[in-house]
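Asks: Following this message is one structure expressed as structure tokens.
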Amino acid sequence: MASLIKSFPPNQIPVTSTSKIQHKSWYSTTLTNLPKRRRNLFIVCAANPDDYNATLKALNSRKRFPRKSLGQHYMLNSTINDQLAVVGNVKDGDLVLEIGPGTGSLTNVLIDAGATVLAIEKDPYMAALVKDRFADTNRLTVLQEDFTKCHIRSHMLSLLERKNLAGTGKRHAKVVANIPFNISKDVVKQLLPLGDIFSEVVLLLQDETAIRLVESSSKPSEYRPINIFVKFYSDPEYKFQVPRANFFPQPKVDGAVVSFKLKQPSDYPSVPSIKSFFSLVSCAFNGKRKMLRNTLQHLSTPSEVEETLRTLGLPTTSRPEELTLDDFVRLHNSIVNT
Ligand SMILES: C[S@@+](CC[C@H](N)C(=O)[O-])C[C@H]1O[C@@H](n2cnc3c(N)ncnc32)[C@H](O)[C@@H]1O
């Protein structure tokens, strides 16, 4: 290990701190150029806990090189972890769900802020690593599971019960996570309807996904049923961009932090059946370029759809990308009530 460090000119050892993060791409290239078996011997100097040094040491300790298939791009900048906790307003006594704790750099910040954390990690090596790292606290539970397949509601309810919070009507739980970009949509779909459990979901997503989910109205061609879904269940806000150089290994895209303030079920738009509402939305978008009077034919005749649109003050030639959440709610309720 020492010889590896010595082999770099002293001024090029990528000492990390927020201000020196630009060394990252040099570092990535160098690391990728090393023979595979030598990569996990690599060690660097660092100034802060939970940045280059902590991350690489942790990976070294398990002989783990990040897995692309698991979206393993670890956070190297502890300031961003701090900011994630600030956006989630994480404070003493909160119960926080973290998806994909990895080496535990964000977990550390959440525990330091006084939260009790439920961490769900798919990779058995990383789950074991994070369990070891926080073995001396009783404020962390690590479950080695695939989040997209786990029963998050029952996990959360049993934790809330243990904390004596279930049934109090108070939503103490939050989600704060730097998730693998490839499961973003599943995570959003699974979490947003849980407004009876979570008050807030703060996610580090791919920048492009974050923009699409939050600023859907700016590009009609990118408006999708997921945008209706997000607005139905939450008030989303794009917080800040996270340039790709902050991750190890560096992804090909930038990230961004989004906060979804979840609506309580009593505040959801009023529809007789949520299932039937989303079924109408999905049918409407099935014929993306088509007019609603054609795509909703299985629910009403084209002339009936036209008449409903006219009554609602909408053009009879409306296409799905032209309708807001409220328009869809009114359209759905008029169609099912006739
Ligand atoms: C982008 S890394 C973030 C790691 C850490 N939170 C950080 O900020 O450095 C994503 C983490 O999610 C884990 N992961 C990937 N797919 C998962 C899944 N389906 N369920 C739970 N964890 C998953 C990966 O193993 C990895 O630890």
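Cβ atoms here come from the backbone N, Cα and C positions, even for glycine.
What you see is a predicted model, and the numbers here were worked out from it, not measured in a lab.
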Asks: According to TrEMBL, His73, Met75, Gly100, Asp146, Asn178 bind S-adenosyl-L-methionine; so which of Glu121, Glu161 is the extra one listed there?
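Replies: Looking through Glu121, Glu161, the residue TrEMBL assigns to the S-adenosyl-L-methionine site is Glu121.
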Asks: Other Cβ atoms within 10 Å is the metric here; tell me which of the binding-site residues Glu121, Asp146 scores highest.
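Replies: Output for this query is Glu121.
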Asks: If I restrict to non-local contacts, at least six residues apart, and a C-beta distance under 8 angstroms, what lies near Gly100 (S-adenosyl-L-methionine binding site) in its own chain?
Replies: Gly71, Ile120, Glu121, Lys122, Phe147, Ala177, Asn178, Ile179, Pro180
Asks: If you draw a 10 Å sphere around the Cβ of His73 (S-adenosyl-L-methionine binding site), how many other Cβ atoms fall inside it, taking every protein chain shown into account?
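Replies: Its Cβ shell of radius 10 Å holds 22 other Cβ atoms.
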Asks: Taking DSSP three-state, what's Glu121 (S-adenosyl-L-methionine binding site) in: helix, strand or coil?
Replies: strand
Asks: Among His73, Met75, Gly100, Glu121, Asp146, Asn178, recorded S-adenosyl-L-methionine binders, what is the largest CA to CA distance in Å?
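Replies: Farthest-apart Cα atoms in His73, Met75, Gly100, Glu121, Asp146, Asn178 are separated by 20 Å.
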